[in-house]
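Residues or ranges marked as domain 'Nose resistant-to-fluoxetine protein N-terminal' in TrEMBL: 51-190. Annotation source TrEMBL lists signal peptide at 1-19. Under the heading transmembrane segment, TrEMBL lists 209-228, 270-291, 311-333, 353-374, 417-437, 444-463, 492-509, 521-546, 566-585, 597-615, 627-646.
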Amino acid sequence: MNALEIIPFLLLFIRTIICTNTTTNPVKLTMKQGLLINQILSVYALDNAENDLCRNHTKRFKIGLRAFEPWALQMFDSSSKLQAGVLLGNLVDYGSFSQCLGIYKDTEQGPIYGKHCLLQLRLSKNLMRKILSYHNVSEKRFDKVYVSVEKSYPGWSVCVPHSCSREDILRHFNRTIMEMAEGLELSVSLNERHCNSALNQPVMGTSQYVVLSFLSVFIILGLTAALIDFQSDQENASLFVDTFSALKNMRRVMREGAGKKEMDFDFINGLRIFSSGSVVIGHRYIMYIMFPVINQLEELDWIVQFSSTLVLGSTITVDSFFMTSGMLVSIGFFEHVTKTGSFNPALFYLHRYLRITAPLAVVILFYVSTVQFLGSGPLQEYVYTNHQKPCQDYWWAALLHVQAYVNPTALCIYQNWYLSTDMAFYFFSPVVLYPLWRWPRFGYANIALLFVSATASSFYFAWVRGYNGEILPVTNQLFQTRYFSEYYIQPHTRAATYIIGLGFGYFVFHTKDRKIVVSKWWNMALWIGSLVVMATTVFSSGIFYLESHEYDKLATSCFLAFSRTAWTIGVVWIMWSCMHGYGGIVNDFLSAHVFRVLGRITYAIFLLHSIVQLYKNAAGKAPLTFSNMNVIYDAFADLFTVFIIAF
């Protein structure tokens, strides 16, 4: 293969010194050049195709390449060659996807289009162990690392005539690759969906036009109402204008204190924005882990670095959302029952369900029908299978918020696991809140029992299933791991922090008219204690990723069961101190007007950011380079883009 590596440069040189050859006559070559061309054709031109048209097109490709015809050179140039950095994890080569799909040649055998296929090379465990040993991965660490790379199949791209079938392509390249890799334990596979040509690109159909028309109606209504609003008396706006005017809704979002009510806490907006930002950044890291990069094995080094703890441990910030959600639900419940003296379950459930589910339904509709038109690339099938198809199959589970139990390994909108879990908590919340309202003493015992039960459930499943303590596994198969689908996203293992929020909301409501005095020294001590506890929960998570860590069943189960509660208690103190005037500069910063504006669109950010991230990667024509700088840069680009779309 050493000779093949210089062929692209050789051909480029020859192409520049000879005149453009418009005939199909072979170019006169030296013996060595002829041998090299024969070697190239033996690798990249299909032999013994069963399809007659494929055989004829392949024969025409051979003639064209010998004659250095531009289209044939492009077809060869679009296929992969042995890339550098394989031992660093540069395992997937995309070839030249766009160039391949742009090939067209009219011949006597009919037109030839380029067809790009991504072959997968499946390595044995022993071969993977050998490769990882070159990167100083010890035998002790191998089993921990293997889960991160076991399905990171090397990919080799080929560009062939469109008339060639999957079977012909696989048979030829399986034989060719296995001859070159004789002695290595690997196999070659090809999924039909990993082949693309200009003839099988997605085409807009009736369903897409219906969806786009539906969405366009809201844009037209918003602009029409805004025009009427601009030209009319704003104090006496009609219901139509008040509801749909883009101008009026923009003012609602932007103005100071918009929608402010009793018990509305401005600092929550700052917490929401920073928590949302950490989620978007964390998901951008996940994108780099899920999609090919040229230095995949450097991700293994990153896992055990201090910087990775800030990312992997930050997944615990999700519990800030659970606690805040529970607190606001609790306060809203007690405000309502105090004013009305009654509890209406139908109204309680229906209002929240519609308010949360209606925007989700619009995003799912877009996912189901339209996202495939946001871009195309060698991995568009991966995105379709793992992200669009679950919405097509399980849209109903997403709208009913039962994904955690119905389809936990095939989530419709992967971050929607949080919403399904949060809504399960909401549906369950009257079991906690109603006794607190009607029979307080029983309510106290009830909430304590439920909290203990939720914590015990988390501990039990961590203990029985022997999870290794990694708060989030680093693998490109994250969403299919047993830990993620059976533990991380399950309501019965995540309920403790929401229950804390319900209890905290009850306390806040019943102490809202009291002046609780905390001395300066106690305030300082509680702030320091809270920050230390929160930092400890984040940084201690890194211990479980280290090679030197020895698995301890009790310690691991305790960490998974209690770490989120510890983090939440720290957040509770921050929120309480801000409510009662002990937050100081932290409260002033979190209550800034810009956070109040952005805080009103965090739900849209939550729903939309995965579209921006997934389809940026899916439309990529080359693997990325993993580094903290690159990930953070892309994450801030994600945030900027999604802020605009969400607004």
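Backbone N, Cα and C define each Cβ position, glycine as well.
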Who are the chain neighbours of the transmembrane segment (627-646) in space, where the CB to CB distance is under 8 Å and they lie at least 6 residues beyond its ends? 277, 280-281, 284-285, 287-288, 298, 302, 307, 598, 601-602, 604-605, 608-609, 612-613, 616
By DSSP, how many residues in the domain 'Nose resistant-to-fluoxetine protein N-terminal' (51-190) are helix, how many strand, and how many coil? 67 helix, 27 strand, 46 coil
Looking at the transmembrane segment (417-437) and the transmembrane segment (492-509), are there 3+ C-beta pairs under 8 A, with each pair at least 6 apart in sequence? yes
Across the domain 'Nose resistant-to-fluoxetine protein N-terminal' (51-190), what does the mean pLDDT come to, as a whole number? 86
Most CB pairs under 8 Å with the transmembrane segment (311-333): which of 209-228, 270-291, 444-463, 492-509, 597-615? 492-509
Region pair the transmembrane segment (521-546) / the transmembrane segment (566-585), three or more CB pairs under 8 Å: yes
By a Cβ-Cβ criterion of under 8 Å, what residues six or more beyond either terminus of the transmembrane segment (353-374) are in contact with it? 202, 204, 207-208, 211-212, 214-215, 380, 383-384, 387-388, 391-392, 395, 398-399, 401, 412-413, 416, 419, 423, 603-604, 607-608, 611, 615, 618-619
For the transmembrane segment (492-509) and the transmembrane segment (270-291), check the count of CB pairs under 8 Å (sequence separation 6 or more) and say whether it reaches 3 or more. no
Contact between the transmembrane segment (270-291) and the transmembrane segment (597-615) is defined here as three or more C-beta pairs under 8 Å separated by at least 6 residues; is that satisfied? yes
